[in-house]
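Read through the structure below, which is laid out as structure tokens, and then see the notes.
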Amino acid sequence: MNFIDERFERLKKEGKKAFIGYVTFGYPTFEETLWFIKLVYSYVDILEIGFPFSDPIADGEIIQKASIKALSEGVKLSHLFESIEKFKKDKPVVLMLYANTVYKRGIDRFFESCKACGVDGVIIPDVSFEESFEFKEVAEKFGIVYIDLVSISSLERAKMIGRQSRGFLYCVSRKGVTGFKGQIDDRIFTFLKELKTVTSTPLAVGFGIKSKEDVQKFKDLADGIVIGSAIITKIDEGKDKLEDFLKEISESLKDK
């Protein structure tokens, strides 16, 4: 059993759903990023760290701006690995980054570095399920969980992926990019119910979840909630606003 599996098992026993919080590495500045990462890590159950990329196709305006700012700070993948070594303790860390970054470092070298610094899982959003096996094979060799994404646009495809998934299955709550300000697509609720019938892998819902009210909508169906853009926004508002938000979301995920 990997560390991500262990975390979900523990949370299930505690009657709690996983709070998966996302931060962009290098944001708001290179000097401040580790401080904010540590703060978010102290409240979440699983930390997702995004490594900035110049063309982040899955990300909305908020995370795109954060990525551009982080890139202007001159962050490197080696900086990320060094930072993870400094704060990683008793909760899983997942990286989200684009395929070009992995290819640039070399697939074997990338996953070897992940293992060395304590990364538990990796999400590569611009790689399709069919193209993911070259990454999965190497990830497994180094004990890293490769996490699949599924979309409401194709339930049967999602079921196929779900049957083979590990760690948790990242369920995209609607079409589009992260941080979208529109309504959550109601089809996601039936989608989650159907997925539960074919996979025992925990289901984590993300994209556009920004409040405790949004969390409540998914609490009975999902095993975890992914929040990213809303956390970036709270970072912009300062430490106190961020910490209040993290506390509120964490409390809302407890079984009451």
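Placement of Cβ uses the backbone N, Cα and C atoms for every residue, glycine included.
DSSP gives Glu48 (active site, proton acceptor) a strand state. Taken from Swiss-Prot, the feature active site, proton acceptor covers Glu48 (among others), and the record attributes it to sequence analysis.
Under the heading active site, proton acceptor, Swiss-Prot lists Asp59 (among others). Cβ neighbour count for Asp59 (active site, proton acceptor) (all protein chains, 10 Å cutoff from its Cβ): 26.
Long-range C-beta contacts of Glu48 (active site, proton acceptor), restricted to its own chain and to partners at least six residues apart, with a cutoff below 8 Å, comprise Ile20, Gly21, Tyr22, Val23, Val94, Leu95, Met96, Ile123, Val226, Gly228.
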